[in-house]
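Engineer: Once you've had a glance at the structure underneath, I'll fire off some questions.
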Amino acid sequence: MSDWTAIEALPSPRLTELFEADPARLDTFSLDVAGLHFDWSKTHLTREAVAAFAALAKAKDLAGRRDAMFAGEHVNVTEDRPVEHTAERGEGNPESVSRARHYQARMRALIDAIEADAFGPVRHILHVGIGGSALGPDLIVDALGREADRYDVAIVSNVDGVALEDAFERFDPAATLLVIASKTFTTTETMLNANSAIAWMTEHDVDDPYGRVIALTASPEKAVEWGVDETRVLPFSEGVGGRYSLWSSIGFPAALALGWDRFEELLEGAAEMDRHFRLAALHENAPALAAFADLYYTQVRHAETRAPFAYDQRLRLLPSYLQQLEMESNGKSVTVDGQPVGRPTAAITWGGVGTDAQHAVFQLLHQGTHLVPVEFIAVIEAGDTLAEDHHRQLLLNAFAQGAALMKGKQVDDPARSYSGDRPSSTILLDMLDARTLGALIAFYEQRVFVNGILLGINSFDQFGVELGKEMAKAADQGGQEFDPSTTDLIRRAGLN
Ligand code: F6P
């Protein structure tokens, strides 16, 4: 009997029947943690399902693996590294935490220096980085930066020069700080963008452009080699994975845009979620329950995707942030021991912003043939100051969509009927501030971790991104034999 037998045998009653059968259902499947309210009552999770997943968690030693991660053991086995992003928020082994604190002190000192005009007047922050070196800071600055209005921040990731030119057009080169964010300090796109930004400053007669560069990296020696003065290199630990790095010096533009105190609140919010994850029993543990629902849909109901929708404009970048976090972490085919995993791993994460998405993709969610677990993320306190109609409409729409997905509607005309029984979960924040956003992101990280452990995979490597990069590099150097189709495309674009 496999560890999954009891889970695969779980019955699939309709959601409305689950509510009818259990008057306490809402209480059982909702939870309040760190200013976030979670509601999984409109998913097919049952007490029986939670018990079956808890048994699986025991068999997979979830508690042991979790403690090993926080203790700094090398749980990233394929890269033989610890997983240290929680140490950035003070939750980890003392050595990792104290190293993180030391690096944060450097970061803070540099922010103080910028604020004290050590670089002359600075209005613009041009941050170049990609993947985890861009998505996290971008999310934080976009969600919380507009309130602070301290610096104009552009986060440029795409190697398409149009992205960089857009920033050049907005920015005054003499009032710009160039921030190069790269864990490895070798990523082609980032280094090309960095070189072009230096050329732009030089063309505009900026005195000593390299003197206006700040490097955020786990490879400080490479940054120095590239031309950044050691005093302006903000290191972070190798054990902090790229997609988990916004808490480290990679969060520098966020700390600058929000101010240090709010950056610390972000870390504290995340730490509060970490403590909840470590200490709460599984049946009232938010990341664990969310992961159980994920796994119920991927393993039992064969859902291939999941779709978070941010019903808050400030969180519009959350779905793309989650795509990297979830798909780069758990989009794997082999177990930690290198064996075929033998079952579906991460669902494809896609999603969008409400209410826009209702007028675009919700048709498929309500009447399409795919089962898509939907997640609504909304905030009680409005982000806008307009008459309350806007926020009222926003929230009512989010809640009504969840109700409609579950309830459905049967009429004589099949084209106008809705099958219902379509699952959704809701995360409702009291307010969106640094603390709750920190807790929200940490929740997603730990949920990914639980998924990974129960699937038996390593969530912390990403070898799948290498092959395409290698082939592009080889093609650039003329050393790659391609198939006829690719050869033809290269020829047509005049690249050979
Ligand atoms: O392409 C994948 C990846 O390695 C991500 O995991 C990472 O966040 C991104 O590239 C950027 O890497 P770096 O920070 O080293 O430039």
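Here the Cβ of each residue, glycine as well, is placed from N, Cα and C on the backbone.
All TrEMBL annotations are machine predictions without curation.
Pasting the relevant annotations from TrEMBL:
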| type | residues | note |
| --- | --- | --- |
| ACT_SITE | Glu328 | active site, proton donor |
| ACT_SITE | His359 | active site |
| ACT_SITE | Lys469 | active site |
Engineer: From the Cα of Lys469 (active site) across to the Cα of His359 (active site), what is the distance in angstrom?
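Structural biologist: Approximately 37 Å lies between the Cα of His359 (active site) and that of Lys469 (active site).
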Engineer: Hey, how far is Glu328 (active site, proton donor) from Lys469 (active site), Cα to Cα, in Å?
Structural biologist: 15
Engineer: Ranked by the number of other Cβ atoms within 10 Å of their own Cβ, which of the active-site residues His359, Lys469 ranks first?
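Structural biologist: Ranked by Cβ atoms within 10 Å, first place goes to Lys469.
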Engineer: Let me know the DSSP-derived helix, strand or coil state of Glu328 (active site, proton donor), please.
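Structural biologist: Glu328 (active site, proton donor) sits in a helix per DSSP.
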Engineer: DSSP secondary structure for Lys469 (active site), reduced to helix/strand/coil, please.
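Structural biologist: In three-state terms, Lys469 (active site) counts as helix.
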Engineer: Let's check the environment of Glu328 (active site, proton donor): how many other CB atoms sit within 10 Å of its CB?
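Structural biologist: A 10 Å sphere around the Cβ of Glu328 (active site, proton donor) contains 22 other Cβ atoms.
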